[in-house]
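First up is the structure itself, then whatever we jot down about it.
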Amino acid sequence: MSAPRTSAPLADPVVVPAGTTAADAVAAAGLPVNGPKAVVVVRDSSGRLRDLDWTPEFEESAEPVSIDSPDGLNVLRHSTAHVLAQAVQDIFPEAKLGIGPPIDNGFYYDFGVPKPFHPDDLDKLEKRMQEIIKSGQTFKRRRFASLEEAKAELADEPFKLELVDIKGDVDAEVMEVGGGELTIYDNLTKDGERCWGDLCRGPHLPTTRLIGAFKLMRVAAAYWRGSERNPQLQRVYGTAWPTRDQLKDYLKLLEEAARRDHRKLGTDLDLFSFPDELGSGLAVFHPKGGVIKREMEDYVRARHIEEGFQYVGSPHISKEGLFHTSGHLPYYADTMFPPMEFEGANYYLKAMNCPMHNLIFRSRGRSYRELPLRLFEFGSVYRYEKSGVVHGLTRVRGLTQDDSHSYCTPEQAGAEVRHLLNFVLSLLRDFGLDDYYLELSTRDDSKPDKFVGSEAEWATATAVLEEVARESGLELVADPGGAAFYGPKISVQARDAIGRTWQMSTIQYDFNQPKGFNLEYQAADGTRQQPVMIHSAKFGSIERFFGVLTEHYAGAFPAWLAPIQVVGIPIRDDHADYLAEFVAKLRKEGIRAEVDYSDDRMQKKIRTAQQQKIPFMAIAGDDDVSGGTVSFRYRDGSQRNGVAIDEAVAHVVEVVRSRVNTGPSAE
RNA sequence: GCCGGUGUGGCGCAGUGGUAGCGCAACCGCCUUGUAAGCGGUAGGUCGUCAGUUCGAACCUGACCACCGGCUCCA
C-alpha cells in the first residue's frame, strides 16, 4: 500500500507579492503554523512539495499542505527520520548514513555500523531524539552547484557518496541530482547554529517541535539499495504522529492486529500447529481446524461445480520431464524440493498443478464444443520456501491450492476471465471479504529472460485481462513486472476487518503452456487449434486463506464455519440431561453441538465458551426445564431468554445455513 | 538465504554457575450455582538438539534446529 500522493487543499491559493516566503504567505492567509493542524510545507505548481522558507520560486498558486494530510504526515515522518539519524550519530559516531524515507505510519533510517544495534539501543536513541525534538531545531536547505563541492562535504559518508555518484536510475524519492543540483540540509539549533547535516532532497518540518509523538519500533537488517548482493545495513523503524493521541491509536491498532494473529489464535483455539518433527512450514490441522478447513473446501467445491467446473485429482509427485514440458523447471528448480531418484528417473514433488491438468486435457481428442473446459481440484503442492520467509499459515512449504484451469478458445478468453472474476469475488463475499481492489501484473520488458512468449502474445493477453478488470469498476493498480513467466495475471487484494490488505485470488492468462504441451482441440471447420488456458486460484491456498480468515474474524468464525456451533451450559448438573436432548435435536439437523459436562460453575462455562468464541451458548436451568425452553447467550454477550426448544433449533439451523455471522467478529 | 532477537511442563511466564518454580489448562475431591474465573488437593519438565568449558551448566562457548522481527524472494 502506498500513501496517496495528494492532499486536500486547505484554502484558496494564496496571492502574495514576489519574494514573499512561503511561511509569510501562509501566515498572511491566516493559516495555522503550529499545532496539530499546522501548515508544514507548500506545494508548488508542478506538484512538488517545498519547505516553508522556500522563496525564489514562490508562486501565486502555491498550496499549503497541512501536517495531518498524507503529504504532511510524510514530511513529519521523514523529518523524524533525520532526527533519528542525528541521534544515532550522536550516540554512535562511527555510524554511516544510508537513507531515511517515510513509510506507511512511520519511517526508517538505514545505517552502516560496525556492530549491529541491539533492541535495547532504541531506548537510548529515543531519549536523545526527545532532546533534539524539544530543542526546536530547524532544517536549513543548502544547495551545491557542483558535484565536487558536495562530495567534499560528504567525504565521511560512503553511502551518501554512492548516491551522489549514481548515474542513470537515480532514486528520485531519495535525493535529487539532475541539473547539477544537490542539496544538503543543515540542522540548526534555535540560535541558528549548525549542529548536524544530511544529504537530502527535502522538504522538512519548519521545526522539530512539530513532531508530536514518535516511537522507535524495531531494528532489522536491510540490504543497501535493496539488493541481496550489497552489504546489509542496520535499519531502525519508527512511527511518528502529529499528536500523542494519534500515536496511541496507532499502537492500539497494532495491539489489535497482534490479538488477531492467526498463529496465536491457532494455538488458543486448538486449530492447527507446526510440529518441529515435520519441519519448517508444514502444518497439521487439529480437529477444530479440520472442521473449518473441511467446511471451506466443501463449500468451494460445491460452488465450482455450480459454475461448470469438473472436479479432478492428480498425484503429488511426477517425473521431471513434466516440469520441463510445462516450462516451470528452469524458473523454479531452486524453490522446488530436490528430486528423488529411483528406477532411473528423477521424481519431483509438484509445486504447481497446471501440468497435471494439461495431461487431463490432452488425454483424448477435444472438440470446440467442450470449451471452455473447466478443471478444478484441491491440489497439494510443495515449495521449498527459503528458511527466513515461512510465516504461520500464510507462507508455508506444503499447501493446498483450490486450483482451476479453464481451457478455451482465444475468442472465449475474455468471457471466461470475466466469469472467473465474478465467481472469485462472489466467493470472497461469501467468506465475509467484501472490500477489495485488483492488481494487474504484467511483463517487465527490460527483463525478457524472466518471461516466455512474444511481445504480441503478451500484449493480447494483457489487453484481455485489463479490459475485464476495468469494466469490473474496482480500483485497479498496476504491478509491472509481477507477471508469471507464462503470462499476465489479475490478483484480488482484499481488505480485512481492520483494513489490512491480503493478496487472495489470482486469474492468470496463459498462452505458453498449451504450446509446450501441444494442446489442441478440433474447431468447427475441422482444423486443429490451440486453446489458451486461464489459471485461477480462488483462495490462493487453503492454508493461507484459513490464516487470513482467522485474522479477519479474530477467531470468531461465522456460525457455519465455527468448529463448535452450540454449547449447552447447564446451570446445575441436573440440567445437563435436558440440554443433552436439545443438543441431540441439533445434531440431527447437522449442527455441531455439545454439552459442557465439566464440573465448573456455569459462569466459568460461559467464560470458557466465550474464549472458544462459540457462536451460541444454550443455557438451561430450572425455569427453562419447566418451561420447555433454552436461553441463548451469543458470543457478543447479548441474550435471548426462554426460547421454546423447537424454535431454538430452527433459529440455530437458520443462522448456520444462512452463513451469516452471529455477533460482531471482534467478540 | 542474510542480519538481529528468542527457545524452561499443553499455554503464558520467573529463575545469569551449586542437580527446576508460579499462574492457567489437566486430573481427583468438596461446593449445586441464572449469563466472563468457587475452594482444596494431585500429577506433569533429561530447561530446543548435540558437542565443549567447569568439581558442578537452564545459566558460559560453539555448531545445528525451530520460532519471532525485518531484508531478499513469492509460480
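The backbone N, Cα and C atoms fix where each Cβ goes, and this holds for glycine too.
The domain 'TGS' annotation in TrEMBL covers A:1-66. Mean pLDDT of the predicted structure over the domain 'TGS' (A:1-66): 67.
According to TrEMBL, the feature domain 'Aminoacyl-transfer RNA synthetases class-II family profile' maps to A:292-558.
Under the heading Zn(2+) binding site, TrEMBL lists A:Cys354, A:His405, A:His535. Of all Cβ atoms in the protein chains displayed, 24 besides its own lie within 10 Å of the Cβ of A:His535 (Zn(2+) binding site).
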Among A:Cys354, A:His405, which are binding-site residues, the residue with the most C-beta atoms within 10 angstroms of its C-beta: A:His405
A:His405 (Zn(2+) binding site) - helix vs strand vs coil (DSSP): strand
Additional residues surrounding Zn(2+), by Cβ distance to the A:Cys354, A:His405, A:His535 centre under 8 Å: A:Met352, A:Asn353, A:His357, A:Asn358, A:Asp403, A:Ser404, A:Gln508, A:Asp510, A:Gln513, A:Met533, A:Ile534, A:Ser536
For A:His535 (Zn(2+) binding site): DSSP state (helix, strand, coil): strand
In three-state DSSP terms, the structure that A:Cys354 (Zn(2+) binding site) belongs to: helix
